[in-house]
Amino acid sequence: MSNPSFNLLKGKRGIIFGALNEQSIAWKVAERAHEEGATFTLTNAPIALRMGEINNLAEKCNAQVIPADATSLEDLENLFSQSMEILGGKIDFVLHSIGMSPNVRKGKHYTDTNYDFFHKTLDISALSFHKTMQTALKLDALNEWGSVVALSYIAAQRVFPDYNDMADAKSLLESIGRSFGYQLGVSKKVRVNTISQSPTMTTAGSGVKGFDGFISYADEMSPLGNAGAIDCANYCITMFSDLTKYVTMQNLFHDGGFSNTGVSQKVIDRFNG
Ligand SMILES: NC(=O)c1ccc[n+]([C@@H]2O[C@H](COP(=O)([O-])OP(=O)(O)OC[C@H]3O[C@@H](n4cnc5c(N)ncnc54)[C@H](O)[C@@H]3O)[C@@H](O)[C@H]2O)c1
């Protein structure tokens, strides 16, 4: 079923980070943003672009792809300057949909962390959000009433042991959202929020140990069930639209009610012999 479109982003220009393949949340956001009338550039780390899958998305959305390692200030400067040139003006929305932990990838336990890896986790998954906004501010690249969104996970507040150092990265990411949200609000009337999404079957998601069990547990705990990638994309679209102009500095749960549920009947039933 195709999504209804409401022209919510008509005339808006954006930058979408993190579309790796069709499963990526950013991929769905790009498809929906296109349907809602936005023009945007797509970006990802040069290594991720090698697979070439993003070109199918770019063609479908009539978007150009600009390689950028989100930890490199030089790459980010080039990304914002080029995007403004290609799109013909300042940027109205930015999606930060980036996460990577070498410790998770290499199966290092949280109590046996490799600190070089840990730095990388924080740099890629959290500081890149600060770098993105700092670059945009320095280049005066954001339009008034623009909207910046990053994707997060509830491991920022509660312990999910196998989420490892990504939990610390998400806490930092959400904190940066608040701190920079204040600054961009005052100076540019731009809002900044993080969306805390249900576990979702993507490349980044399935890298977490025991992800299948984890995703089913969250589904049974959530009164509405897990929120899928398309629904996450729809939520991002509303956050980029003018319907949410005064929502800023928030961590917004998009999780089917998981975050406010102590236990569900379905989970209790599993323990009642
Ligand atoms: N999948 C889940 O269960 C889930 C749940 C909550 C939040 N999230 C968050 O959603 C976001 C998107 O993840 P996804 O699940 O769509 O997986 P994904 O693997 O499709 O996306 C992660 C992206 O990060 C990019 N990336 C990695 N290093 C980078 C770098 N140095 N520079 C630029 N880009 C880089 C990857 O190339 C990839 O496109 C992440 O922040 C993730 O933590 C995911």
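Note: Cβ is positioned from N, Cα and C throughout, glycine not excepted.
Under the heading active site, proton acceptor, TrEMBL lists TYR153 (among others). Residues near TYR153 (active site, proton acceptor) in space but far in sequence (CB under 8 A, at least 6 apart, same chain), listed by position: TYR163, MET166, ALA167, LYS170, SER196, GLN197, PRO199. In the three-state DSSP scheme, TYR153 (active site, proton acceptor) falls into the coil class.
The feature active site, proton acceptor is assigned by TrEMBL to TYR163 (among others).
Residues or ranges marked as NAD(+) binding site by TrEMBL: GLY18, SER24, ILE25, ILE98, LYS170. In the three-state DSSP classification, LYS170 (NAD(+) binding site) falls within a helix.
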- [ ] Ten-angstrom check, please: count other Cβ atoms within 10 Å of the Cβ of SER24 (NAD(+) binding site), all chains counted.
- [x] 25
TODO: Report, as a single number, how many Cβ atoms besides its own are within 10 Å of the Cβ of GLY18 (NAD(+) binding site).
DONE: 25
TODO: Across all the protein chains here, work out how many other Cβ atoms are within 10 Å of the Cβ of LYS170 (NAD(+) binding site).
DONE: 25
Task: Candidates near ligand 1 among the recorded positions GLY18, TYR153, TYR163, LYS170, judged by a Cβ under 6 angstroms - done: GLY18, TYR153
TODO: Mind giving me a neighbour count for TYR163 (active site, proton acceptor)? Other Cβ atoms within 10 Å of its Cβ, every protein chain shown.
DONE: 23
Task: Binding residues GLY18, SER24, ILE25, ILE98, LYS170 (NAD(+)) - maximum C-alpha distance in whole Å - done: 18
